[in-house]
Amino acid sequence: MAKPKAVLFDLDGVIVDTATHHYKAWKALANEMGFDFTEADNERLKGVSRVESLNILLEIGNVEKNDQEKEQLAAQKNEQYVKAISTMDDSEILPGVKEFLQELKQENIPFALGSASKNAPTILKQINLYHDFDAIIDGNSISKAKPDPEVFLQGAEALQVNPEDCVVFEDAQSGIEAGKAAGMYVVGVGNPEVLKGADDYITHMTEMSVERITKK
Ligand code: BG6
Ligand code: MG
């Protein structure tokens with residue numbers, strides 16, 4: 001593509017490895033309800049909202065709960081998750097992320113967060129990146145979850161850039177679909193055999209540069 005005019009980052013699994021903290025908290029809940037929850041199952045939860053994640057979890061365990069019980073279970077999961085992220089610091093930023101953000105700043109390319117998480121601001125503050133982002137779109141500001149493109153379209157709008165000039169970084173299938181539905185160039189962070197439909201793939205942000213995107 002031409003040189004990007006803006007970059008949109010997913011948070012969990014792209015900027016920081018909170019995907020493992022989410023997984024552990026859901027697994028603990030599943031075990032408590034008497035069923036197992038594997039890492040392969042967890043792929044379905046990546047990028048998906050808290051409420052929708054719980055619905056998928058209950059479907060996997062073949063367990064039925066009423067709305068009140070669901071609310072309590074989601075709160076219980078979040079309590080464990082919040083405890084896990086409360087001790088995070090910038091050493092948990094994934095390899096190459098700081099350097100790539102630095103490069104974007106040098107190139108005057110603005111960047112925003114596009115995350116489904118309501119805990120996104122807390123995490124960005126914990127890892128000292130809160131003030132680096134030009135805009136933060138998270139689970140508190142969107143009404144439609146990924147794969148709906150809303151989160152990324154809001155990001156493009158906040159940065160005043162056309163969707164086709166934006167690059168999205170995503171580690172979730174739902175997120176890749178959201179980025180493509182928004183009409184953006186999408187880089188999948190992870191295994192191409194698990195993540196389908198991205199324009200490019202990396203394992204770590206260390207492989208990324210503005211030049212790489214521009215040459216594609
Ligand atoms: C996404 C994660 O970023 O945020 C999902 O990939 C998670 O696994 C979702 O369910 C919502 O997060 P939170 O912090 O609002 O429960
Ligand atoms: Mg993610």
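Just so you know, glycine gets a Cβ as well, placed from its N, Cα and C.
These come from TrEMBL:
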| type | residues | note |
| --- | --- | --- |
| ACT_SITE | Asp10 | active site, proton donor/acceptor |
| BINDING | 10-12, Trp26, 45-50, Ser53, Lys77, 115-119, Lys146 | substrate binding site |
| BINDING | Asp10, Asp12, Glu170, Asp171 | Mg(2+) binding site |
| ACT_SITE | Asp12 | active site, proton donor/acceptor |
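Between the CA atoms of Asp171 (Mg(2+) binding site) and Asp10 (active site, proton donor/acceptor) there is a gap of 8 Å, rounded to the nearest whole number. In this structure, Asp171 (Mg(2+) binding site) belongs to neither helix nor strand by DSSP; it is coil. Checking the recorded positions Asp10, Trp26, Arg50, Ser115, Lys118 against ligand 2, the ones with a C-beta less than 6 Å from an atom of that molecule are Asp10. Within 8 Å of the Cβ centroid of the Mg(2+) site, not counting the listed residues Asp10, Asp12, Glu170, Asp171, the chain contributes Phe9, Leu11, Gly13, Val14, Ala19, Lys46, Gly47, Ser115, Phe169, Ala172, Gly175, Val189. Secondary structure at Asp12 (Mg(2+) binding site), as computed by DSSP, is strand. Look at Trp26 (substrate binding site): DSSP puts it in a helix. In this structure the alpha carbons, written CA, of Arg50 (substrate binding site) and Asp12 (Mg(2+) binding site) are 13 Å apart. Reported as a whole number, the C-alpha separation between Lys118 (substrate binding site) and Asp12 (Mg(2+) binding site) equals 11 Å.
In the shown protein chains, 31 other C-beta atoms lie within 10 A of the C-beta of Ser115 (substrate binding site). By the rule that a residue counts when its Cβ sits under 6 Å from some atom of ligand 1, the binding-site residues Asp12, Trp26, Gly47, Arg50, Lys118, Glu170 yield Asp12, Gly47, Arg50, Lys118.
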